[in-house]
Amino acid sequence: MNQQKLRRLILLISLLLLPVTFFYLSPVLIIEGAVSGIVTGSAIIFTFIFLFSLIGGRLWCGWICPFGSLQDLAREVQEKRITNPWIDRFRYGLFVLWILMLLAFFIRAGGITSIEPFYQTTNGLSVAGPIELTVFIVILFIITTIALFLGRRGMCHLFCPISVLMIVGRKIRNAIGLPGLQLTAHSEDCISCGRCTKECSQSLDVLSMVEQGRMEQAECILCGACIDACPKDVIRFSFGRPDRKKV
């Protein structure tokens, strides 16, 4: 099976499972739980994703995230590339506010009082009633609208806290030299066709990255679209330690 077909299949399955997993991916429920000193299921998942990013980078975004899958479907209608850096900066501001609120509520609650993996779910299911269904539909509508308005993976760029967690994890990995999944490029074989840049889900200038020999980029979600688009097999996945001179 073609790599991109496999990726899309995995993302589609993840999207279809979203009525089950919705609350486990909610940054709002993490805050709600913190008010009472509760570590929620979503907090546990967020922690796991952060730890995974130390080795896997943002593979979650490119291959598993159901919200990413929804935005990839929106891309069939809106192909616009996102190039405004202020959109990403806005996300970092929201993330800092989210972290400060999280810490403040846990401190006010006297620390962690309990761990509830199935917090606010019904027998483990997220969407199990009309209220949950309404919230579910509204959130999906908002995410789709943002992607249609801003362009490729607009929500990821604008306010996704998971993306920032993984970027932090990736930065830590690069700083301490942990081996991990990454892209490498044989720049000498590049014919500068630009197909890699055209196909990038994150609107990155992949061609420039290849030409400069600097494939490490915080916004890269390791989707592999650039790999499959390249007619000369210039870009490849690899597993190893980061090149300190190129990060």
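All residue numbers here begin at 1 and follow the chain in the order shown.
Using the three backbone atoms N, Cα and C, a Cβ is placed for every residue, glycine included.
Some features that TrEMBL has for this protein:
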DOMAIN    181-209  domain '4Fe-4S ferredoxin-type'
DOMAIN    211-240  domain '4Fe-4S ferredoxin-type'
TRANSMEM  9-31  transmembrane segment
TRANSMEM  43-69  transmembrane segment
TRANSMEM  90-107  transmembrane segment
TRANSMEM  127-150  transmembrane segment
Could you give the residue numbers and ranges of same-chain residues that sit at least 6 residues beyond the transmembrane segment (9-31) on either side and whose C-beta is under 8 angstroms from one of its C-beta atoms? 1, 40-43, 45-46, 63-70, 72, 98, 101-102, 105, 119-121, 124-127, 132, 136, 139, 161-162
Residues sitting near the domain '4Fe-4S ferredoxin-type' (211-240): Cβ under 8 Å, six or more positions beyond its termini, same chain? 2-4, 7, 56-59, 61-63, 68, 88, 153, 156-157, 167, 170-171, 174, 179-187, 189-193, 195-202, 204, 246-247
